[in-house]
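These notes concern the structure reproduced below.
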Amino acid sequence: MSLIRRLSRHNSSSFNLLRRSLHGAPSDQTVSASSSRLRDHYNFQPPPPPLSSSSEEPLKKKKPPKPQYRPPSSLEGVKKMHSSLPFDFRFSYTESSSTVRPIGLREPKYSPFGPDRLDREWTGVCAPAVDPKVERVEGVEEDPKLEEKRRKEREKIQGPPLTEAERKFLVELCQRNKTKRQINLGRDGLTHNMLNDIYNHWKHAEAVRVKCLGVPTLDMKNVIFHLEDKTYGQVVSKHCGTLVLYRGRNYDPKKRPKIPLMLWKPHEPVYPRLIKTTIDGLSIEETKAMRKKGLALPALTKLAKNGYYGSLVSMVRDAFLVSELVRIDCLGLEKKDYKKIGAKLRDLVPCILVTFDKEQVVIWRGKDYKPTEGDGEYPPSFIHHESSKEEL
């Protein structure tokens, strides 16, 4: 008990001493002793005194903000590609003409090959093989030297002509029950990226089947010409809209040309109107009466969507022998499709477009109409064989 009492007295005396030092008016020695005890007991470090305005240090420069994250893109770090193909690059070779000049563009001249990916300038319609500012004045027609260069290159690749037995053998290999290799040619016709697909097929086979449907089949002669002209191949067989495209005897897949791919479809330029307010040589009243009469006529034929229209030109020419107006029913077709059909008929028949109202194509043969005979459905390089009548 005596030991407990001594400890309690000692603790109370030390507590009273600490209370006096905190609340009383202690001396300098007492303050220094208490502060040293606090520093030793609690490891307390007083804050530094505030700096005066005269001794302020220059403010540190702020770090620049970090750049925002940009995902990797396939358009960056790509060198400009050079292609030695001697023709102008277009989105569609069969559905566009170098002789018809547009009157305007629907978008700025953004190259569909991507920024700085091709060493050719995009004019809004095509990427010409020569600089349009230096080599061309109008840029309407293609340089005849390029056509001659393509002809010589094609003759070099094709070599000696095929025999009848070789043609039959190629047609037999491209039938549906023998191979699935096929190029589908639709409303856009022969597009630029389709050339790369044809060369990919030629890497594994000598010939490839091309299935044509829709608007381009109205002029199969034009389709065959561009296939042979742009790929240096040869069409060895045709049955309706199905073609067999042969690569040539001297074709080497390792020396195939470089074809830059289009990354998107460019907008079509603005062309002059197909249907005018008044038909040339007629008054407004006569034009209205002719349009009303044309829509009341029985239809010559009804076009199916994505069908084969190879015989339409000859049907219209025969109909013009007995009637001055012809109506073609295009119900169900897209507007741009039957407008292209009307434009092709105007050039191939030839005829005058009257109206496109109610999804109908009404054409007029004109006042001084003279029956014209076709100049041959196929180019001279194509020879039609009995073997092509087999189902492909």
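Cβ atoms here come from the backbone N, Cα and C positions, even for glycine.
Heads up, TrEMBL stuff is auto-annotated, nobody curated it.
What TrEMBL records for 20-79, 136-157 is region 'Disordered'. The compositional bias 'Polar residues' feature in TrEMBL is assigned to 27-36. Annotation comment: TrEMBL describes 160-258, 280-376 as domain 'CRM'.
Per DSSP, the domain 'CRM' (160-258) is made up of 41 helix, 22 strand, 36 coil. Helix, strand and coil counts from DSSP across the domain 'CRM' (280-376) read 38 helix, 15 strand, 44 coil.
Predicted-model confidence for the domain 'CRM' (160-258) is 92, expressed as mean pLDDT.
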